[in-house]
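Among the features that TrEMBL reports, active site, nucleophile is placed at CYS49. Residues annotated as glutathione binding site in TrEMBL: TRP90, LYS140, TYR141, THR142, VAL143, GLU158, SER159. The feature domain 'GST C-terminal' is assigned by TrEMBL to 183-307. According to TrEMBL, the active site, proton donor/acceptor annotation covers TYR206. Taken from TrEMBL, the feature site 'Lowers pKa of active site Cys' covers TYR264, TYR307.
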Amino acid sequence: MAALSALDEKDDKGRFVRTEATFRDWISKDHPVFKPEAGRYHLVISWACPWANRVACVRKLKGLEDVIGLSVVHPTWQRTKPDVDAHAGWAFATEDQVFASPNGSGKFQLKGVIPLPDDVVPGAKFVRDVYEATGNDPKKYTVPLLWDKLTKTIVNNESSDLIVMLNSAFNDLAKNPDLDLDPPETRDAQADLNSWIYPTINNGVYRAGFAKSQFAYEEAVTELFASLAKLEAHLADNRFLCGPKLTLADIRLFMTLVRFDEVYIVYFKCNIKALTDFPNINNYCRDVYQFPGVADVIKMDHIKTHYFTSHPTLNHYAVVPVGPGFVEDLKLPHNRAAL
Ligand SMILES: N[C@@H](CCC(=O)N[C@@H](CS)C(=O)NCC(=O)O)C(=O)O
């Protein structure tokens with residue numbers, strides 16, 4: 001199998017079909033190998049990626065910055081092995097490096113990239129190199145990933161696992177061990193919510209944006225806006241998805257919503273309405289954004305640069321739209337505290 005990127009994953013009706021994550025080990029005190037330890041694990045993310053952003057957010061909210069290392073890739077995908085195949089994917093960079101898009105358009109230099117330290121995979125230039133260093137090459141090189149420096153492998157590369165793990169496994173080391181984003185009494189409700197929010201909203205925007213047929217696009221965008229209407233109604237009398245407290249389900253959802261009016265409405269053709277046309281969702285986004293720590297992990301320059309500059313088949317000249325400034329809106333007062 002050739003190296004894949006999200007743009008290659010489709011079924012015979014032109015639908016985008018996401019490949020399952022391949023590394024699914026679990027850090028816990030009871031695990032024979034993967035024990036919670038400070039300085040042992042290293043997280044690789046992009047500030048642009050909604051899945052990776054969830055994990056960066058939980059790391060921040062739990063106060064795990066001194067416990068789990070962090071590298072942040074450049075948002076503009078690069079050709080990883082131009083002499084071997086056409087794959088384009090995530091590349092490590094320093095803040096002074098300037099990258100063009102995979103077809104050579106534009107010049108993009110970003111604050112907030114963090115190179116990979118030598119004690120992870122020495123000499124790795126791309127996320128692809130990190131996957132290949134495991135000896136178990138999945139041919140799809142996604143972020144987030146959590147690297148174990150002791151056994152020199154990827155422990156887990158699935159955001160929905162990693163956020164649960166970071167919420168509980170490192171509590172003896174975390175600055176905020178008492179913040180529980182996954183209380184047992186909310187788990188059934190979270191699972192119910194995720195069962196429609198993941199396919200139709202989180203993955204729904206990608207199903208619309210990476211559709212390779214009119215049929216697949218319309219199917220996805222219709223389901224997406226039906227779910228946004230359902231969400232608007234749900235948020236009329238619930239401050240957060242599961243009631244008065246922020247949970248992992250909110251972090252999962254918010255990372256998609258915060259990208260909506262800046263990226264998905266234009267780039268993924270999710271334009272039946274804007275998010276700001278849904279008053280409850282809009283106020284909810286302000287509320288989540290203003291939860292202490294969340295704003296620190298939202299980097300809209302990385303988000304916009306990534307999407308608009310990484311896929312030459314969708315945006316040949318890598319021109320990045322200027323508007324609409326959704327993050328400024330998120331700083332405004334909201335009406336959710338009374339709920
Ligand atoms: N199931 C994964 C999905 C991660 C994922 O698809 N990440 C995207 C970035 S938004 C990626 O790295 N794509 C690389 C590629 O498509 O080659 C998770 O939730 O952690």
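The backbone N, Cα and C atoms fix where each Cβ goes, and this holds for glycine too.
Predicted automatically and left uncurated, TrEMBL annotations should be read as such.
Of all the Cβ atoms in the protein chains shown, 22 others lie within 10 Å of the Cβ of TYR141 (glutathione binding site). Of all the recorded positions given, namely LYS140, TYR141, TYR206, TYR307, those whose Cα is no farther than the 10 Å limit from the Cα of TYR264 (site 'Lowers pKa of active site Cys') are TYR206, TYR307. Predicted-model confidence for the domain 'GST C-terminal' (183-307) is 98, expressed as mean pLDDT. When the Cα of TYR307 (site 'Lowers pKa of active site Cys') is compared against those of the recorded positions CYS49, TRP90, LYS140, TYR141, VAL143, the shortest separation belongs to CYS49. DSSP assigns GLU158 (glutathione binding site) to coil in the three-state reduction, placing it in neither a helix nor a strand. For ligand 1, the nearby recorded positions are THR142, VAL143; that is, of THR142, VAL143, TYR206, TYR264, TYR307, these have a C-beta under 6 Å from one of its atoms.
Applying DSSP to the domain 'GST C-terminal' (183-307) sorts its residues as follows: 89 helix, 2 strand, 34 coil.
Between the farthest pair of Cα atoms in the glutathione binding residues (TRP90, LYS140, TYR141, THR142, VAL143, GLU158, SER159), the distance is 17 Å. Long-range Cβ contacts of GLU158 (glutathione binding site) within its own chain (separation 6+, distance under 8 Å): ALA21, PHE23, ARG24. Here the CA atom of TYR206 (active site, proton donor/acceptor) lies 12 Å from the CA atom of the residue listed as 'active site, nucleophile'.
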